[in-house]
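Read the structure below first, then the notes.
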Amino acid sequence: MGPMIRGDRDKDTICAISTPHGVGGISVIRVSGPQTLNIVSKICPFLPAHPESHKVYFGNLKNSQSGDEIDEVLATYFKEGRSFTGEEVIEISCHGSPLICQTILNQLVNLGARPADRGEFTFRAFMNGKLDLVQAESVLSLIESQSQQAAKLALRQLKGTLSHKLEEIEDDMTWILAHAEASIDFSTEGIEVIEENVIQVRLKKIEAGLKELVATFKVGRLLKDGFRIVLTGLPNVGKSSLLNLFLEDERAIVTDIPGTTRDVIHGDTTFEGVKFTFVDTAGLRDEATDLVERIGIQKSYEAQNESDVVFFVYDIEKGLGAEELQILESLDPAKTYILANKTDKIGGSKPLETVEKTLKNSKFFQKLTDPGAFFTRRVFFVSALDKKVRSEVLKDLVKEFADLQVENTVLISNARHFENLSRALENTQRSQSVVAQGLGAEFLALEFKEALIAIHETLGKRFDDQIMDRVFKEFCIGK
């Protein structure tokens, strides 16, 4: 895709299929631009000369040259200023035959429209002020959402909850910069425009708002992309059986032979509206002599590093021995859960004190910031034969990592937003230092202007081709 800022190309009338490609009941072809009605009316002669906005018209779509009927269609008209793109738009609903869709597109192109670029409809909505950049990105997030919580989060951002929060911060930033610039202008006349303590109060308010947003990124990303959970441990401790339990599907082969799982096995599931990707890995053991198994073990370590959460699984009958502790000590406690498996073989007992006692002298225990909380929340006694295990473990996981009501919380889930807001936060904190040191309004304006630029880049009020390409290249044709 070429640069999104294209001058005269933005005045073209564009067309594309907006529904998924392939055979289906219906397909929707979107046309947007100044010549939309003029072009479409030549193949949809049933359209009136002055159609009503948001009204659906029914009729036969015809070849513009021969007059042959191509399909029976619905044409929905949107007046300029009242459409998704802000331009005159017509959406043609036709039967979902790839041949019919391509025939209609060919007709539109022959009449003067051009095929839309990736994300060009949304880009035009942004350029015409129908969406800011945060909302434009949320359109893609909504399209790509794979869980209820991800869809809710994207929809709230599309409705402007994050944008409104950023605009409040922007207003406070603009106020500070305006007074700083005024102080510079009147400095030679000895006029004090604003007191230092008033500036500090505003800066602290901005800092608090930015900190609050930046802190939500981890949860926001998990709700958007889902949890990536790796099952690790020695061979033959029941990792594959637990994978099948969590996925509610027989994805992994289960045998009593150690080393059965040699490659990384993935599977997705949802729980309480949150997506989970489970990864079953080869059992970790030093004596693996088979080349394939050794490669599988190496992939296991790589999967652990890329995960959000690690489920360390061990056989409760055998207990936590030297090999188990060696694996545990290589894990990050911040994302580790311990699953003591096969409790059905010991009568369902849950010897938590034994686990605590065994781990107390380990390097893993020494890395724990809150041992009491870890043993209360992160150790589970499970059996792959007990279907209740799935809900018990995942419920606690969601509660600990993502216990937020999306409807009532402003979250960031986009890495670009996180980078920009982190930069704005750093500039705000440096601005506080400038004021505290009494360096003057000129230095404050110089430093704090960078914080405002970061907010403007997030909202799309300041942008260049590189930023636009980075955002819109992820879109599909037709959106």
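All residue numbers here begin at 1 and follow the chain in the order shown.
Using N, Cα and C of the backbone, Cβ positions are placed for all residues, glycine too.
What TrEMBL says about a protein is an automatic prediction, not a curated fact.
Quick look at what TrEMBL lists:
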BINDING   Arg30, Glu91, Lys130, Lys479  (6S)-5-formyl-5,6,7,8-tetrahydrofolate binding site
DOMAIN    226-402  domain 'TrmE-type G'
BINDING   Asn236, Thr255, Ile257, Thr260  K(+) binding site
BINDING   236-241, 255-261, 280-283  GTP binding site
BINDING   Ser240, Thr261  Mg(2+) binding site
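Counting neighbouring Cβ atoms within 10 Å of each of the binding-site residues (Arg30, Lys130, Lys239), the lowest count belongs to Lys130. Ranking the binding-site residues Asn236, Ser240 by C-beta neighbours within 10 Å puts Ser240 at the top.
Within 10 Å of the Cβ of Glu91 ((6S)-5-formyl-5,6,7,8-tetrahydrofolate binding site) there are 19 other Cβ atoms, across all protein chains. For the recorded site, Arg30 ((6S)-5-formyl-5,6,7,8-tetrahydrofolate binding site), the DSSP three-state label reads strand.
Between Lys239 (GTP binding site) and Lys130 ((6S)-5-formyl-5,6,7,8-tetrahydrofolate binding site), the C-alpha separation comes to 50 Å. When the Cα atoms are compared, Lys130 ((6S)-5-formyl-5,6,7,8-tetrahydrofolate binding site) and Ser240 (Mg(2+) binding site) turn out to be 49 Å apart.
Mapped onto three states, the DSSP output places Ser240 (Mg(2+) binding site) in helix.
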